[in-house]
Amino acid sequence: MTELVASPAVRRLGDWDAADLRTLIADYGSPLYVLDLERVRENARRIETAFPDTDIFYAVKANALGELLETIHGEGIGLECASAGEVKRALAAVESETGDDATGADVHYTAVNPPARDLDWVVDAWAEYPDLTITVGAEDTIDRLADRGYDGRLCLRVNPGIGAGHHEKVETGANAKFGVPAERAVEVLADAADRGFDVVGVHAHVGSGVSSDQLDDHREFVSRMGDLARSVAAEVGGLEFVDVGGGFGVPYREDEQPLDLQAVADATREAIGEIDARLTIEPGRYFVADAGVLLSEVNTVKEARDTVAVGVDAGMTTLLRPAMYDAYHPIRNLTAESSGGDDGGETESGRNGRDDHGDGRDGHTDHIHRETLSQTIAGPICESGDVFCTDRQLPASQRGDVLAIGNAGAYGYEMANQYNSRPRPASVVVDGEAVRLARRRETFDDVIRLECETRGVSDGSSETPQERTNASRPANAETDATANAKIDADANRDVDTDPETR
C-alpha cells in the first residue's frame, strides 16, 4: 500500500492562525472568504498519491475561482464542469497554463437538463477545443447535440440505482433527475455510436460527502460500473474511461475522523475489476473544503430565553449550507478564548491553548479569556432559517469580535446570492506569504446593475425582446468608470497592495 503524503488528512479550524485571520479581515473587510492555495495543493497531492494511474478531474462546482482552477490544473488535474459558464472558466484556466496548445482534453462538461444557451456555447467552443468531452444524462441531450452538428467525444451518465452522501438532497445516484437507467446504457450508447458520435466513456456519481461508513455502498456502485463497462466493450466497443464520480467526504465536526482515502482507493480498484479503460474520478469538496474559512464580525449580542443570540454580518446569502442542508460548520471566536483553556482536546477556539507565535502568547494579541456560554449565531437575513448554529458552546461573544467559520472552501461562495439585496462578500487567496484579493466585494450598485430602464420605453420599439435583454443599459445612470472607482475604493480600503508584505 502506498503511503499518503505527509500533510495532515484534515485541517481543523483550530489550525488556522488567529492573528493572521484577524489581520485579513482588518485589511479587506467583513464578511470575507479566505482560501489557502497551498492547502489545496496538499489535498491534490494526497488524492494523486492514493489514486495513481487514475485520471483525476476537479469538480469545478465546489469552487470556481479562477486562480484556484489554475492552481489545481497546475497540479496535473483536469476540470469537470456542470455548466457552460464553468466550461468557460475551465478553458481560461487551462489556457493560462498551456497557452495556444490547449485542446480541451483536460475539460469535461456534464450536461444535466442543459439550457439551449449552454449547449450552443459549448458546441461553439468545441470547434476550437476538439478534445472537449460532453457527458450527457438523457437521450434528448444526444438529439439536441446532433441538431447542433456535434459528433465529438461523448460520455453517457448512467443512473446506477444506488445513492450515498451527507444529506438526502445530495444523494444523486438513485435520483431520476440524473442519468440514463443503467439497464438502458448499452442500447443508448450503441445508438449514439451508430449516429457518428465518438463514444468515449460512461459516468455515474452516487452523492456528495460520502463517508468511510458508506464504503460498502461505494464498492457496490463501482462494481456495477465495472460490469457496465465490460458490457459496453462487448456490445458497442471499447471505452477510453469509466468515471465513478467523486463525493469524497471531509469531517465537518471536530470529533469526526478524516476519510480513509487509501481505503476508498483500494476498494475502488478492487470493485471495478478488470476493465480495458482508464479509471476516472472527479472529487470537488475534498480539494477545497478545509482550505477555506469564512470570516464574519459580531454586531449584536442579546440575551434570549435559553441561549445568547449573537448576530453577525454574514448570513445564509454568504454561506447557504447550514440553511439548505442543516449542515454543521465549526465556529471559532478569533478575538477571545474560553477561560481556563480546554480539556486537552480540540475546541472551536483553538487547539490546547496553542501558542501561535512561539513567544508564550496564545494566538490573541490582547490575550482575552472569557467564560464559555451557549450561543446561537445568526445572520442579518429576514428568515428564521438564517442561523449558523444553535446552542453552541463558545467564548462569550462581544460586539466587534471576529468569528471564523470552518470548512467554507467548498460550496461557500459558489452558493452565495443577493437575497434581501445583499452584496456578495470579497474573497482573498493566501499562497505562502502572499495574500491577494481574488474577488472584490460587491456594492449596492452591483446588486442593481443588471436592472433595465423600462419607463418611457415604447411598445412600438423596433428592437426585439431578445435584443433588449442583451443590450439594455443598467438602471443606475453612473458610468462604469465612476462605479468601478467606487467599488475599487471600497473593496481595497486600507489594503497594502504589495502581496509579499504579509
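Every residue gets a Cβ built from N, Cα and C, even glycine.
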| message | Need one residue: from Tyr129, Tyr150, Tyr328, Tyr411, the one TrEMBL lists with Gly247, Glu282, Pro283, Gly284, Arg285 for pyridoxal 5'-phosphate. | response | Tyr411
| said: What whole-number Å value do you get for the CA-CA distance of Pro283 (pyridoxal 5'-phosphate binding site) and Lys61 (N6-(pyridoxal phosphate)lysine)? | reply: 10
| request: Determine the C-alpha span of the pyridoxal 5'-phosphate site listed in the record, that is the greatest distance between any two of Gly247, Glu282, Pro283, Gly284, Arg285, Tyr411, in Å to the nearest whole number. | output: 15
| query | Looking only at Cβ atoms, how many others are within 10 Å of the one on Tyr411 (pyridoxal 5'-phosphate binding site)? | reply | 25
| query | When neighbour density is defined as the number of other C-beta atoms within 10 angstroms of a residue's C-beta, which of the binding-site residues Gly247, Pro283, Gly284 has the lowest density? | reply | Gly284
| request: Quick one: pull the CA-CA distance for Gly284 (pyridoxal 5'-phosphate binding site) versus Lys61 (N6-(pyridoxal phosphate)lysine), whole Å only. | output: 7
| remark: Cβ contacts within 10 Å for Lys61 (N6-(pyridoxal phosphate)lysine), all chains included, total 19
